[in-house]
Amino acid sequence: MDTTVGDVNSRKPDSNGIGSPPSGAASVMQSLALPHALAAGSPDATMGRHIARRLVQIGVTDVFSVPGDFNLVLLDHLIAEPGLNLIGCCNELNAGYAADGYARARGVGACVVTFTVGGLSMLNAIAGAYSENLPVVCIVGGPNSNDYGTNRVLHHTTGLSDFSQELRCFQTVTCFQAVVNNLEDAHEQIDTAISTALKESKPVYISISCNLPAIPHPTFSQGPIPFALSPKLTNQMELEAAVEAAAEFLNEAVKPVMVGGPKLRVAKASEAFVELANACGYAVAVMPSAKGLVPEHHPHFIGTYWGAVSTAFCAEIVESADAYLFAGPIFNDYSSVGYSLLLKKEKAIILQPDRVVIGNGPAFGCVLMKDFLKALSKRVKRNTIAYENYHRIYVPDGHPLKCEPKEPLRVNVLFKHIQDMLSSESAVIAETGDSWFNCQKLKLPRGCGYEFQMQYGSIGWSVGATLGYAQAVPEKRVIACIGDGSFQVTAQDVSTMLRCGQNTIIFLINNGGYTIEVEIHDGPYNVIKNWNYTGLVEAIHNSEGKCWTAKVLYEEELMEAIQTATGPKKDCLCFIEVIVHKDDTSKELLEWGSRVSAANSRPPNSY
């Protein structure tokens, strides 16, 4: 049975709610009547209009862009589409990050820049989206179609007559590339690219010659009809064999556990994972990059499994289990804490989006994760021993000591107050750095969103991602936790947040440098120039839009700032600079940093 695209549900469930439809996508599809035929010479029968309508159909109502002479005509057509909002960003990197954040909330995002200087500036953000399995439609305004094959040298290039440099760069970080420099096959190339992004849950690259978007062409005389994409199917014989083997493996175990991984998102298997958890009674944990994909209010949820820096008592339960089912894991040097996890392959069932491996074998292909989890839930015996063991050893977290009046603010006190701010109407964006570890310890209430970029780990990601995420789900108030070093990379798109009227709360954690790098390998390069951050944001504000800033050094000032941000200034973008000591880090970062450092410094095997 075909699936109509528009119900794009590859996002994390808002907030831990399982299976909620992406905001806007399905409703946009349902509101679109079948397109009317247009005369072949109609000014609306153009490629530019087709792209705009197609983006709206798949659930994109905001496109992040930076204008350049090669994309200006295309931007005119995007602006002319009533269902589309064009958001100008301060630079291409942030436009890409914004599309990344938007895709996390809506299931798909889009950005438009100019040829080479724009495309290569955005490349890093698209690489991050690729690593996180996010469908982002990356559109680049390309050279005039008449210039291809002429040996001419154009501006915005490296001075060569070969226009393929940008394309070659994008080939490694996108799942499909289309260079549209003639109208005859433009319709096919554009639709193939966009549908491939949705099917593969990866970014795609589309280059559009600058002279083509406004030219009417017969292939665009019919408005775009909604996609009907054939879903991937499970091999039923493989599924039955895999379920039988897995059920036997798990039912023989004394204290099995389940651990959710980040590929639950791309497999659209969060709901099925919870269905299995409800049926089997196992203790349930998540890998750090899967936080927010599994509801933390689940009765058997025991926290984040992250080896030596797991939440309290979680690692002890997972690593002492005699069987563990990992659904969609990514075991890299960061998630494995420098390859130090105490796991044994022969005890593990590893589920990937379309593959199952049980212990050291057997393996089963062409088995979709969600189908496997649902079928397995009907075959496993209920076993609550691991959760009972956790409940037996669990000691509630202590609360950080309250700061004395005028005592310098501590990071653990800051996050105690952030915890109290969370609700179903909020979402957390955690920047690369110590915020990874502090935000992992937050208990997400039902409905609270959560995002961070662990696989790629690009500092500065959170500013653009916050812009995109907040634009995608305006009903939520985003709380972004950003370090000073990361903020310096991408700060300028606070300007775009103000232009869009967003009411995000940004906690700028000022500890004087790249703290996460300090704990891996210290050096003078990890110390940065201090900025007057609140002064910078006030200058960006320039009395245009709603903005409120505060600088806090003590707990009582923090409490007052939070009260203001959530009260009188609840409709404003609120920027709270928090001054903390340069050595005030989480214990988890200290442990993680030492182990990653050890992994990085291993000598060559020949020594």
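Keep in mind that glycine also has a Cβ here, set from the backbone N, Cα and C atoms.
TrEMBL does not curate its annotations; it predicts them automatically.
According to TrEMBL, the feature region 'Disordered' maps to 1-26. Residues annotated as domain 'Thiamine pyrophosphate enzyme N-terminal TPP-binding' in TrEMBL: 46-154. Per TrEMBL, domain 'Thiamine pyrophosphate enzyme central' is recorded for 243-362. The annotation domain 'Thiamine pyrophosphate enzyme TPP-binding' is assigned in TrEMBL to 453-578. The Mg(2+) binding site annotation in TrEMBL covers Asp484, Asn511, Gly513.
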> For the domain 'Thiamine pyrophosphate enzyme central' (243-362), what does DSSP give as the number of helix, strand and coil residues?
Replying inline: 38 helix, 27 strand, 55 coil
>> Return the count of C-beta atoms lying within 10 angstroms of the C-beta of Asn511 (Mg(2+) binding site), excluding that atom itself.
In response: 22
> Considering the binding-site residues Asp484, Gly513, which residue's Cβ sits among the greatest number of other Cβ atoms within 10 Å?
Replying inline: Asp484
> Around the Mg(2+) site recorded as Asp484, Asn511, Gly513, what other same-chain residues have a C-beta within 8 angstroms of the site's C-beta center?
Replying inline: Gly483, Gly485, Ile509, Asn510, Gly512, Tyr514, Thr515, Ile528, Lys582
>> Please list the DSSP helix, strand and coil residue counts for the domain 'Thiamine pyrophosphate enzyme N-terminal TPP-binding' (46-154).
In response: 53 helix, 22 strand, 34 coil
> Could you count the residues of the domain 'Thiamine pyrophosphate enzyme TPP-binding' (453-578) that DSSP puts in helix, in strand and in coil?
Replying inline: 58 helix, 28 strand, 40 coil
